[in-house]
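Below: the structure, in structure tokens.
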Amino acid sequence: MKPMLKDFSNLLLVVLCDYVLGEAEYLLLREPGHVALSNDTVYVDFQYFDGANGTLRNVSVLLLEANTNQTVTTKYLLTNQSQGTLKFECFYFKEAGDYWFTMTPEATDNSTPFPWWEKSAFLKVEWPVFHVDLNRSAKAAEGTFQVGLFTSQPLCPFPVDKPNIVVDVIFTNSLPEARRNSRQPLEIRTSKRTELAQGQWVEFGCAPVGPEAYVTVVLKLLGRDSVITSTGPIGLAQKFGYKLVMVPELTCESGVEVMVLPPPCTFVQGVVTVFKEAPRSPGKRTIHLAENSLPLGERRTIFNCTLFDMGKNKYCFDFGISSRSHFSAKEKECMLIQRNIETWGLWQPWSQCSATCGDGVRERRRVCLTSFPSRPGCPGMSLEASLCSLEECAAFQPSSPSPLQPQGPVKSNNIVTVTGISLCLFIIIATVLITLWRRFGRPAKCSTPARHNSIHSPSFRKNSDEENICELSEQRGSFSDGGDGPTGSPGDTGIPLTYRRSGPVPPEDDASGSESFQSNAQKIIPPLFSYRLAQQQLKEMKKKGLTETTKVYHVSQSPLTDTAIDAAPSAPLDLESPEEAAANKFRIKSPFPEQPAVSAGERPPSRLDLSVTQASCAISPSQTLIRKSQARHVGSRGGPSERSHARNAHFRRTASFHEARQARPFRERSMSTLTPRQAPAYSTRTRTCEQAEDRFRPQSRGAHLFPEKLEHFQEASGTGGPLNPLPKSYTLGQPLRKPDLGDRQAGLVAGIERTEPHRARRGPSPSHKSVSRKQSSPTSPKDSYQRVSPLSPSQCRKDKCQSFPTHPEFAFYDNTSFGLTEAEQRMLDLPGYFGSNEEDETTSTLSVEKLVI
């Protein structure tokens, strides 16, 4: 009975269920939950019941977002389908939240309304799970790190409008627990946009928040405020920690470098400690060998090799941050360090010098410190030696030789020393030999005859007529002395020197002798000696009662060549009475006396005789010295036959000319003053010169005067007066005699008359006016001299022009052309021309005409 009752109960239940289910309407979800952004699809089952009258209805299912009540999508059911399953794709669920599925029927015929009914279902959507990770970037030293985003949920492949996510990173300098008692923490936010991916790394830069940094990562959907996931804050020091970078094994030479790699966005600040890892008993503390502190921002430190033992040992290094941190980060790294000692120790003190005196050697040593004594490898020398110099040894005590001193440099030094000394001696000997050869190897150039009757002037200088200087050189192309006088035909022997024809002059043989003579004579004769001599003679004439005299000087560019020349030649006197000798003592003699006649049986005087005659003293103190060339070449030149005529023995050089210099014209000067102190010297010199003239006058030889030349001479000497007839001493074969005083005065009248037109034209000079008052009678005898025309250097070099007689044979010579030119007449006083003192009262003005006292 019981089993039959049980079966009936089951049948009844089935019938009841069929009735209920057949008439019910519903909307059911297969899965109550869903994951947003995932690739899962949402399935919804539905069923609805048709009415009894069989009216058709339209049924739709809506997907609504519960928070905003917005419709996401709508799906319609078929009219003939009362039950089934609807599929909603994954791309409808982009965001986590609550969703509603609602089924709503719609009537097709509005005439028959029916009551509204509605079925719904609830769906909860969640975010997928993303794992956030932090990592060091490859550019950790530049302050960057990486954020990793990973999920295990398969993501929906959005065909269109794929959503993007935003990663926010927040940097802080403290933990939330520490913010209660401190100020507002520093917070720096940075964001990056990225695509939706199942796994990816996003790189971020560090923010300067301080030595400690904390990071919070937030993942959001772009355009939405909902947060997909959030991680943090994460301490970067705890996350990454500090790392000690070193090699596992090294050989220590100078030091061991340890580098600390800090966490990203964190500055290093701590202490690096080194200790030796060795087995120790339990409870024994590790001994630290050294500690190096790292300042803020520094990453490297070096430990010296002297801290480590020799050989190979294991040492460990650890790094600890400052105690202010909320956590204690310890990083430990160990490594094997091999230390091989191969270095020099300290130098030992210097040893004593090897010698007690002189040069010695001292040395010092050092030891190589190495781990392998069998094969030391220290570079360099273990022994060093140096020279030591002590007190010098005595001459008999030789210095001890140095055993370690190299011999090569010493020998080379000795060779250099000997060579230098030899070279110096050679130079000294050569200098001495050259000096001796130049002093004694050359012949004497000048032979100066001494004069015993020379009287010095009060100024302690020798006068120009006190000494004859012989210059051994040939005559220059100018007026010459003695044997180098102007040449002419043999028939010109009887003509006075002032009337002879000029001729060619032999070339100069030795110019150096003339220059040497002039330079030596400058040291003996004062430049203006001739002018002072004229003043002395003038004073002597005043004392002796002489009233008038005239002197003509040839003034050249050099004071050595100033020469006084009488204005007109006078015949020599036969003899001198004592009165005449006393009068002639202060009378200026002509430097051009006529040449004595030579007898027919005798030859003309040779050059040697003429030179000997020239070597005598000068007649006038104002005359120049004798050239050395006359004595040097007198033996090599021929006699008068080689020249065109014989030269006067008393002919003296009157001027020296040079082409490059401008000639100074000759001026006629008066002898203004004569100091009383020089009068005795002058008289003594006059007597000495007369004695020398007589001594050197040739006795056995004379000059021949031919008859025709004697006639010319008589015509040239004048037309009337005492000088017209030839004196008896001028006959052939008779020696010449001195002209007396009367003949000389009478022969000079013509010279006085020729000077009068010039005086009348220019007027008397001041000296003439003052002197003319003292004249006792106009007919008193006067010593007058004829003026000699001045010559330019070029004329004297080319022609040696001189006056010639008025004989028809000499008619082509114009005697008037040898007078003074206008330029010479316009010349002012000679002392001003030579730069003398015009304010001297004893100096008279020099003029070009005869002056009368």
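Cβ atoms are placed via backbone N, Cα and C, with glycine included.
Annotated compositional bias 'Basic and acidic residues' per Swiss-Prot: 687-697, in sequence order.
Sequence annotations record features per position, and here Swiss-Prot assigns disulfide bond to C353-C388 (among others). In sequence order, C353, S354, A355, D359, G360, V361, R362 constitute the residues six or more apart from C388 (disulfide bond) in its chain with CB-CB distances below 8 Å.
According to its DSSP assignment, C357 (disulfide bond) is coil. Taking the Cβ of C357 (disulfide bond) as centre and 10 Å as the limit, one finds 16 other Cβ atoms among all the protein chains shown. As annotated by Swiss-Prot, disulfide bond applies to C357-C393 (among others), with the evidence given as sequence analysis.
Per Swiss-Prot, the feature disulfide bond maps to C368-C378 (among others); the stated evidence is sequence analysis. For C368 (disulfide bond), other Cβ atoms within 10 Å of its Cβ number 16.
Annotation comment: Swiss-Prot describes N39 (among others) as N-linked glycosylation site. The C-beta environment of N39 (N-linked glycosylation site), restricted to residues of the same chain at least 6 apart in sequence and closer than 8 Å, consists of C90, P154, L155, C156, P157.
Feature annotation from Swiss-Prot assigns N-linked glycosylation site to N53 (among others); the stated evidence is sequence analysis.
Look at Swiss-Prot and you will find N58 (among others) tagged as N-linked glycosylation site, backed by sequence analysis. Residue environment of N58 (N-linked glycosylation site) contains 13 other Cβ atoms, counted within 10 Å of its Cβ in all protein chains.
Among the features that Swiss-Prot reports, N-linked glycosylation site is placed at N69 (among others), with the record citing sequence analysis. Neighbours of N69 (N-linked glycosylation site), defined as other CB atoms within 10 A of its CB across all chains, total 8.
Look at Swiss-Prot and you will find N80 (among others) tagged as N-linked glycosylation site. Within 10 Å of the C-beta of N80 (N-linked glycosylation site) there are 7 other C-beta atoms, taking all protein chains into account.
Note: N135 (N-linked glycosylation site) has non-local neighbours F145, Q146, G148, W201, i.e. same-chain residues 6+ apart with C-beta under 8 A of its own C-beta. Marked as N-linked glycosylation site by Swiss-Prot: N135 (among others).
Non-local neighbourhood of N304 (N-linked glycosylation site): S254, G255, each in the same chain, at least six residues away, with C-beta under 8 Å from its C-beta. What Swiss-Prot records for N304 (among others) is N-linked glycosylation site.
The region 'Disordered' annotation in Swiss-Prot covers 445-518 (among others).
Marked as region 'Disordered' by Swiss-Prot: 624-650 (among others).
Summarising the annotation, Swiss-Prot assigns region 'Disordered' to 668-702 (among others).
Under the heading region 'Disordered', Swiss-Prot lists 714-800 (among others).
If you look up Swiss-Prot, you'll see 1-24 marked as signal peptide, on the strength of sequence analysis.
Distance noted between the C-alpha atoms of N80 (N-linked glycosylation site) and C393 (disulfide bond) is 144 Å. Minimal Cβ crowding within 10 Å, among the disulfide-bonded residues C353, C378, is found at C378. In this structure the alpha carbons, written CA, of C357 (disulfide bond) and N69 (N-linked glycosylation site) are 121 Å apart.
Cα of C393 (disulfide bond) to Cα of N58 (N-linked glycosylation site): a span of 142 Å.
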